[in-house]
Amino acid sequence: MKVLQEKILNEGKVLSGDVLKVDAFLNHQIDPVLMQEIGKEFAKRFKEENITKIVTIESSGIAPAVMAALELGVKVIFARKRKSLTLQDNMYVANVYSFTKQETNEISLSRNHIDENDRVLIIDDFLANGQAALGLMSLVEQAGASIAGIGIVIEKAFQDGGKKLREQGVRVESLAEIASLDNGTVTFVQQETAEVK
């Protein structure tokens with residue numbers, strides 16, 4: 001997605017060989033026009049999948065998930081990382097290791113909002129080692145719902161998360177795939193098209 005790649009190049013900051021800071025438009029401050037375009041792109045890519053619900057994780061996945069849900073006409077449920085006084089019982093639970101924060105979080109979804117009749121699109125901001133996506137998949141599977149695919153805003157293709165998910169037969173659609181963050185420079189995976197002769 002060209003507009004997203006341009007935003008990453010212009011406003012993203014490489015903090016190390018494996019950390020990209022995008023708090024200017026995605027993780028802290030949110031660019032609603034960009035989020036709207038991201039939502040439209042996810043909806044376009046998954047429009048034939050009969051999505052009934054979008055599942056994401058708090059907090060950075062919420063904006064792109066809501067925009068995609070608006071386009072698809074479905075609801076969003078986000079996995080919580082912290083216990084809530086209003087959500088104590090009747091929860092699906094999974095443990096997720098955060099690459100960025102270097103900690104394990106227990107995530108949960110209420111059983112009241114997802115069931116075996118749902119066809120779910122999982123959306124998240126980043127895909128690195130795949131732990132958040134695997135945790136969200138576990139919650140969806142516990143509910144007996146089916147997974148239509150996973151939409152990722154930014155995939156770090158140099159880490160193994162995307163490979164692990166795809167090897168499990170999961171459809172993963174990433175809007176920007178980063179090949180490298182070496183030397184403080186963002187390099188995108190080049191989508192090569194085969195020429196028919």
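Here the Cβ of each residue, glycine as well, is placed from N, Cα and C on the backbone.
From the candidate list Leu20, Leu34, the residue Swiss-Prot records in the xanthine site shared with Asn27, Lys156 is Leu20. Annotated pair Gln131 (5-phospho-alpha-D-ribose 1-diphosphate binding site) and Lys156 (xanthine binding site), C-alpha to C-alpha distance, rounded: 13 Å. Among the binding-site residues Leu20, Asn27, Lys156, the ones whose Cα is located within 10 Å of the Cα of Ala128 (5-phospho-alpha-D-ribose 1-diphosphate binding site) are Lys156.
Across the structure, Asn27 (xanthine binding site) and Ala132 (5-phospho-alpha-D-ribose 1-diphosphate binding site) place their CA atoms 15 angstrom apart. Around the Cβ of Gln131 (5-phospho-alpha-D-ribose 1-diphosphate binding site), a 10 Å sphere holds 19 further Cβ atoms from the protein chains shown. Within 8 A of the CB centroid of the 5-phospho-alpha-D-ribose 1-diphosphate site residues Ala128, Asn129, Gly130, Gln131, Ala132, the other residues of that chain are Val96, Tyr97, Phe99, Leu127, Ala133, Leu134, Gln159, Gly161. Within 10 Å of the Cβ of Asn27 (xanthine binding site) there are 17 other Cβ atoms, across all protein chains.
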